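S.K.: The annotation active site, proton donor is assigned in TrEMBL to 79. Annotation source TrEMBL lists substrate binding site at 142. Residues or ranges marked as compositional bias 'Polar residues' by TrEMBL: 17-26. Under the heading domain 'NADP-dependent oxidoreductase', TrEMBL lists 42-241, 244-300. Here TrEMBL flags 1-26 as region 'Disordered'. What TrEMBL lists as site 'Lowers pKa of active site Tyr' is 109.
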């Protein structure tokens, strides 16, 4: 692998070295230890709400994404996209679009109704069966709370929300890693405080925290915390509404500016578009840079979280307010 360029934030913080995968032009980002596969900086998101809405066409869309150069695919038990992704991987191998499964980086997530110590391993086995794979590269706890076992619905009944026993659930995640069913483990939608709680008892620290992040929700405090702890931040919903002026000056789309900005913060991004031309554009962000002035303008944008996750708040649940869910980071 060839070494790429170090990306820096507006504060000129040094970021980990990027390397470019030979099969395509997407740089990779090292995870915590040398035995873990490096994570491609751009991932292809397979979530579309309502979940399962594009199920009939998703396999062909993913095959097209592989043809374009995507190698990192993000799914989850609740998305109803694991099976089409698995079928697409099988077809890509059969068609010779990839030589081996090892060329891909596959992420899936543990849904809240399976976030109980004795249900984690069976849930991952089901995910692997859906994907027709022997292992995933990254397995994440989807949200920092549990639901009563048995259903994979979203939205869910608020009375089904229960506190997560994070220590025991994480121990089960560590076991999944130990037996080789996932190369890395991590979390999603965890605040600094919730990460601190997890880290206090974790034998294997989380490699990744996947959270909402965009120019409109920059997550500066969380990014600093994760950098100090060696946790890679992965951004979902990375496209902010601002940036038209910069995009016009660069001859790029607003989406490309948003994705490039995130990468220059040392963050992996999950880009989701099922439109072929936009899928192609979203990969075209590595041969140009944002200027210091442009980065400064973006850093000064007013902040507003796009998805507060009110569904996870209830007077009778583990989190009685958004402040409790996000620990004031909203």
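Placed from the backbone N, Cα and C atoms, the Cβ positions cover glycine too.
Annotations in TrEMBL come from automatic prediction, not curation.
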S.K.: Using a 10 Å radius around each Cβ and all protein chains in view, which of these recorded positions has the most neighbours: 109, 142?
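M.R.: Per the Cβ count within 10 Å, the most buried is 109.
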S.K.: Rounded to the nearest angstrom, how far is the Cα of residue 109 (site 'Lowers pKa of active site Tyr') from the Cα of residue 79 (active site, proton donor)?
M.R.: 9
S.K.: What is the number of other Cβ atoms found within 10 Å of the Cβ of residue 79 (active site, proton donor)?
M.R.: 25
S.K.: Write out how many residues of the domain 'NADP-dependent oxidoreductase' (244-300) are helix, how many strand and how many coil, based on DSSP.
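M.R.: Split into helix, strand and coil, the domain 'NADP-dependent oxidoreductase' (244-300) gives 34 helix, 4 strand, 19 coil.
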S.K.: For residue 109 (site 'Lowers pKa of active site Tyr') and the residue listed as 'substrate binding site', what Cα-Cα distance in Å is obtained after rounding to a whole number?
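M.R.: Between the Cα atoms of residue 109 (site 'Lowers pKa of active site Tyr') and the residue listed as 'substrate binding site', the distance comes to 5 Å.
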S.K.: Grab the pLDDT values for the domain 'NADP-dependent oxidoreductase' (244-300) and give me their mean, rounded.
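M.R.: Here the predicted model's pLDDT, averaged over the domain 'NADP-dependent oxidoreductase' (244-300), is 92.
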